[in-house]
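Working notes, beginning with the structure itself.
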Amino acid sequence: MQISSSGYILALDLGTTGNRAFIFNNAGKIVAQAYKELTQHYPQPGWLEHDAEEIWQDTCWVMKTAIVNAQISPSEIAAIGLTVQRETCLLWDKTTGRPLHKAIVWQDRRTAPLCHQLQEKGYAQEIYSRTGLVVDAYFSATKLRWLLDYITGVDLKNVLAGTIDTWILWKLTGGKVHATDHSNASRTMLMNLKTGEWDEQLLEILQIPAHILPQIQPSLGKFGVTDTSLLDAAIPITAILGDQQAALFGHGCDRPGLMKCTYGTGSFLVAHTGSNIVRSQHQLISTIAWTQADKQENINIGYALEGSMFTSGACIQWLRDGIKLIKTAAETETMANQVADNGGVYFVPAFSGLGAPYWDMNARGAFFGITASVQPQHLVRAVLEAIAYQVLEVVQAINASCSSPMQRLIVDGGACENNFLMQFQADVLGIPVERPTMRDTTVQGAAFAAGLAVGFWDSYTALVNQRQIDRIFEPGEGSQNATANFAIWQKAVKRSLDWV
């Protein structure tokens with residue numbers, strides 16, 4: 001990799017459970033970082049909100065702390081890359097700069113009734129055709145509609161709407177830039193996948209005024225500069241990506257046949273499909289990977305197929321914080337290895353309904369097969385197995401949708417630290433699972449994109465080729481049992497569908 005400049009790249013990763021800042025040097029290495037956990041607000045069952053002001057304050061804190069930890073001056077930062085939890089959205093007053101309500105998080109299911117209305121009115125196929133998405137409360141459109149209905153007595157001329165990237169960009173630039181990128185806009189259920197613009201017919205269906213929405217820009221490119229009152233420097237913001245697209249970029253999955261799975265709060269398996277929109281007959285969604293304008297200002301669009309599984313790492317968090325079965329996430333690996341099998345117990349991780357390939361907003365979580373001989377270790381093992389089984393279903397759907405089957409799964413995210421889970425994943429898939437040394441691929445992708453966009457680095461291929469592999473998990477002797485148990489797990493899932 002030819003290093004074309006000195007200095008640093010600041011990458012912000014604003015996720016579901018916390019907000020992080022990383023400083024990368026010109027060799028593509030992390031020199032400092034900072035993290036702040038984000039408060040989760042559950043006003044009702046099935047509802048989840050974040051305080052957008054808290055996200056902004058935490059963003060400021062992690063930026064400044066990472067810069068101090070790196071012992072550098074803000075003026076040495078060549079560019080900022082931003083990656084965010086997708087779909088989560090809010091409205092704010094552009095005069096006061098204050099949110100009008102807490103942000104509604106992607107996992108929130110309050111708009112399921114509105115989604116059912118859209119389906120009953122026959123809009124599902126139209127929405128899928130235009131956006132590549134299924135009608136689901138997961139996406140931003142119905143959340144924005146709910147906010148517009150709930151918040152009364154405001155002058156819409158003063159209201160701005162956006163996902164978390166738009167909110168933070170607006171704040172970083174001192175209220176000067178109201179924009180988003182194609183990867184985040186493609187998750188709103190309001191952007192036309194072919195044109196890359198807000199779709200007038202969908203805005204009409206959902207009665208969302210176009211003027212409150214941000215301008216859509218290429219993922220790699222200049223979005224603006226930081227207000228000097230923040231860091232005493234006007235730093236260019238040159239990349240914005242949804243978190244899963246950032247991980248795809250960080251792994252070097254930039255062409256058809258390459259895919260990755262991120263095990264975070266949910267699990268997200270994304271396959272790059274090149275410049276073509278691939279439509280799945282197996283309940284996968286078509287989305288944008290990332291976009292970039294060429295020298296002639298033509299926008300090059302990369303598309304992707306995605307299977308979104310809403311609950312994976314969140315299950316482990318629930319074992320710890322909800323039912324207090326474990327004290328740390330790391331314990332799950334030890335406990336799962338303490339028993340020979342799952343003891344006949346199967347878990348369905350449908351805390352927020354089920355995503356791909358079911359898209360059932362009314363499914364709910366459950367343990368099946370509990371007997372008097374079941375130990376806590378069996379419950380923990382069943383949860384880990386369920387995470388892997390969800391991924392298997394999506395891999396099967398991707399294999400059925402693409403011309404050539406997946407040969408290898410590249411992984412990242414917090415739960416991929418779990419060796420039991422990764423080995424079980426290889427066993428059920430029957431293919432190798434590749435875990436890189438750098439687990440924070442999402443933030444790495446944001447940094448790479450920002451640095452490449454500003455000319456800080458000159459070769460994407462060289463950056464990606466630096467990736468180091470920590471371990472490859474090969475399918476083992478557990479494959480046969482894992483495959484047999486998968487059929488029983490699917491039976492458990494069927495029992496959980498349409499529960500409420």
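Quick reminder: no glycine exception, Cβ is built from N, Cα and C everywhere.
Among the features that Swiss-Prot reports, ATP binding site is placed at T16, T17, T265, G313, Q317, G414, with the record citing sequence analysis. Taken from Swiss-Prot, the feature ADP binding site applies to T16, R20, T265, G313, G414, N418, supported by sequence analysis. Swiss-Prot lists T16, R86, E87, Y138, D243 with the feature sn-glycerol 3-phosphate binding site, giving sequence analysis as the kind of evidence. Look at Swiss-Prot and you will find R86, E87, Y138, D243, Q244 tagged as glycerol binding site.
Feature annotations (Swiss-Prot) mapped to structure.
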residue: T16; record: ATP binding site; contacts (Cβ under 8 Å, 6+ apart): L38, Q85, T88, V105, W106, Q107, G264, T265
residue: T17; record: ATP binding site; contacts (Cβ under 8 Å, 6+ apart): E37, L38, Q40, T265, Q317
residue: R20; record: ADP binding site; contacts (Cβ under 8 Å, 6+ apart): L12, D13, L14, Q33, A34, Y35, K36, V62, D440, V443
residue: R86; record: sn-glycerol 3-phosphate binding site; contacts (Cβ under 8 Å, 6+ apart): W106, T163, S183, N184, R187, G242, D243, Q244
residue: E87; record: sn-glycerol 3-phosphate binding site; contacts (Cβ under 8 Å, 6+ apart): W106, Y138, F139, S140, K143, T163, R187, T188
residue: G313; record: ATP binding site; contacts (Cβ under 8 Å, 6+ apart): Y263, G264, T265, G266, S267, G413, G414, A415
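Counting neighbouring Cβ atoms within 10 Å of each of the binding-site residues (Q244, T265, Q317, N418), the lowest count belongs to Q317. Excluding the listed site residues T16, R86, E87, Y138, D243, the same chain places Q85, T88, V105, W106, R187, G242, Q244, G266 with Cβ atoms within 8 Å of the centre of the sn-glycerol 3-phosphate site Cβ atoms. Within 8 Å of the Cβ centroid of the glycerol site, not counting the listed residues R86, E87, Y138, D243, Q244, the chain contributes Q85, T88, W106, R187, G242, F268, S308. According to DSSP, D243 (sn-glycerol 3-phosphate binding site) is assigned to a helical segment. Take the binding-site residues Y138, D243, G414: by the count of other Cβ atoms within 10 Å of each Cβ, the lowest one is G414. According to DSSP, Q317 (ATP binding site) is assigned to a helical segment. In the three-state DSSP classification, R20 (ADP binding site) falls within a strand.
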